[in-house]
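Trainee: Below is the structure I would like to discuss, written out as structure tokens.
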């Protein structure tokens, strides 16, 4: 997959973003990227607590009782997961070269996350048949394989949406109310839980920007704080 152009990061700030507002911003950026009105862009943010159900979510994956946060059906792949404070969510809105290779793109996101957590001393890995980034089982500590980052994407008209979520210092009990990503035989973890010290979203922003730009082959990258100012959409 050849290089993308300059990658523009928008850090939406420390206040958690309601999911529907973030999703609408993705859609507005997506149609402008398809029309070449904006550059390749990545939204970096934290969400208010929310469960998002991808297209493969079954009724058995959903909360059986009131989970304490909205459950929203969305147009990405995958099953159900949680987003909320203490979790870095990244939404690349990037034009991929033809022919599209969705698997290669997902592997790039996984590689970026593996490099990010590697900077903090953790050895991330892939698990065959499962997306996301994992930590190996630790039988001596009584720990199964643990998922530290979830990935779910949508590609339409050659441009990506949705992306990945990396657990930093979020409350992991939110995942107890669902079958996260449809996987029953593994755990969920965070940087803070693994390192036994607080690692917040702000602590991993620079590493995330650097490694994601590198795996996407961006010629350069820069960060803008705040929500993007969108040009008026012109439908070609």
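Backbone N, Cα and C define each Cβ position, glycine as well.
The annotation active site, acyl-thioester intermediate is assigned in Swiss-Prot to 181 on the grounds of sequence analysis. Sequence annotations record features per position, and here Swiss-Prot assigns substrate binding site to 76, 77, 78, 79, 80, 81, 82, 83, 150, 151, 152, 163, 164, 165 based on sequence analysis. What Swiss-Prot records for 36-220 is domain 'BPL/LPL catalytic'. Summarising the annotation, Swiss-Prot assigns site 'Lowers pKa of active site Cys' to 147 and lists sequence analysis as the type of evidence.
Distances, neighbours, how buried they are, the whole picture for these features please.
Mentor: On its own chain, residue 152 (substrate binding site) has 52, 54, 76, 77, 78, 81, 131, 162, 163, 164 as residues at least 6 apart in sequence with a Cβ closer than 8 Å to its own Cβ. The DSSP secondary structure for residue 152 (substrate binding site) is strand.
Residues belonging to the domain 'BPL/LPL catalytic' (36-220) score a mean pLDDT of 92 in the model.
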Trainee: Quick check on the recorded positions 76, 147: which one has the highest count of other Cβ atoms within 10 Å of its Cβ?
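Mentor: Result for the most crowded candidate: 147.
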Trainee: So among the binding-site residues 82, 164, who's got the most Cβ atoms within 10 Å?
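Mentor: Output for this query is 82.
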